[in-house]
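As recorded in Swiss-Prot:
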type     : residues     : note
DOMAIN   : 12-69        : domain 'PWWP'
DISULFID : Cys12-Cys108 : disulfide bond
MOD_RES  : Lys44        : N6-acetyllysine
CROSSLNK : Lys80        : SUMO cross-link
CROSSLNK : Lys80        : SUMO2 cross-link
COMPBIAS : 91-106       : compositional bias 'Polar residues'
COMPBIAS : 116-128      : compositional bias 'Basic and acidic residues'
MOD_RES  : Ser128       : phosphoserine
MOD_RES  : Ser132       : phosphoserine
MOD_RES  : Ser133       : phosphoserine
COMPBIAS : 135-173      : compositional bias 'Basic and acidic residues'
MOTIF    : 155-170      : motif 'Bipartite nuclear localization signal'
MOD_RES  : Ser165       : phosphoserine
COMPBIAS : 181-197      : compositional bias 'Basic and acidic residues'
MOD_RES  : Ser199       : phosphoserine
MOD_RES  : Thr200       : phosphothreonine
MOD_RES  : Ser202       : phosphoserine
MOD_RES  : Ser206       : phosphoserine
COMPBIAS : 223-237      : compositional bias 'Basic and acidic residues'
MOD_RES  : Ser236       : phosphoserine
Amino acid sequence: MSRSNRQKEYKCGDLVFAKMKGYPHWPARIDEMPEAAVKSTANKYQVFFFGTHETAFLGPKDLFPYEESKEKFGKPNKRKGFSEGLWEIENNPTVKASGYQSSQKKSCAAEPEVEPEAHEGDGDKKGSAEGSSDEEGKLVIDEPAKEKNEKGTLKRRAGDVLEDSPKRPKESGDHEEEDKEIAALEGERPLPVEVEKNSTPSEPDSGQGPPAEEEEGEEEAAKEEAEAQGVRDHESL
C-alpha cells in the first residue's frame, strides 16, 4: 500500500518507467499537466517519453519509479528510441520537445490500442483500393476489346469502300463519254437553226419581195395588151 500511495504522489519532474500497450517499459518523466486537461484526465499524469519525445496521459498503475525499476526495465532494447531514452534520462533529464511534436505525439501515444483499428481501416482502404484497381483493370481489359471490334468494323467498311470505288470511276467515265457525245450533238444541231433564223429576217432586206410583185404586174400588163390587140384585130375584121 505504501508503494501505491507513493506512486499516486508523483510530482512534476519525477523520473519513471511508463508502460503502454504495445511498448516496453519506457524511460519517462512526469510532466506538467495542462489545466484544461485536469478534469478530463483525473488521476492521470502527463508523461514525457525520453528518446521519442512523445507525451501521453497514464494512471499510477502504469508508472514505476525509475531508480527502483532501473535494473529491471533498464536493459537494452532494439526498439527505436529506447537506447536514446536511457541516455537522456541519465544525462539530460530536463530535455523538452517542441509544442508541435508534443501535441501531435500526445494523441498518438495516448491511444495506442486504436492503432490496430486504424491499420484495419487502412486495410479496408487498401482492399477497396485493390477492388477499385481490379475494376479498373476489367474496364481496361474491356476497352481494348471494344476498340478491336470497332477497328474490325472500320476495316470492313474501308474494304467495302475500296471494292466499290473502282466500279464507280468506270460508271462515271461512261457517263462522261455519253455526256460528251450528247453535248457534241447538241452543239452541232443549233448551228443550222441559227443560220435559218438569221436567214429569215434577211429575206425582206434583200429586196426579193418587190421584184416578184413587179413580175406579176408585168404579166397583168402583158395580158391586158394582148386582150387590147385582140379587140383591135376583131374590130378591123
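Cβ atoms here come from the backbone N, Cα and C positions, even for glycine.
Quick caveat, the model's predicted, so the values are computed rather than measured.
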Recorded positions compared (Lys44, Lys80) - highest count of Cβ atoms within 10 Å: Lys44
Secondary structure composition of the domain 'PWWP' (12-69) [DSSP: H/G/I, E/B, coil]: 10 helix, 22 strand, 26 coil
Cβ neighbour count (within 10 Å, all chains shown) around Cys12 (disulfide bond): 11
Alpha-carbon distance [the residue listed as 'SUMO cross-link'; the residue listed as 'N6-acetyllysine'] in Å: 26
Rounded Cα-Cα span from Cys12 (disulfide bond) to Lys80 (SUMO cross-link), Å: 26
Lys80 (SUMO cross-link) - helix vs strand vs coil (DSSP): coil
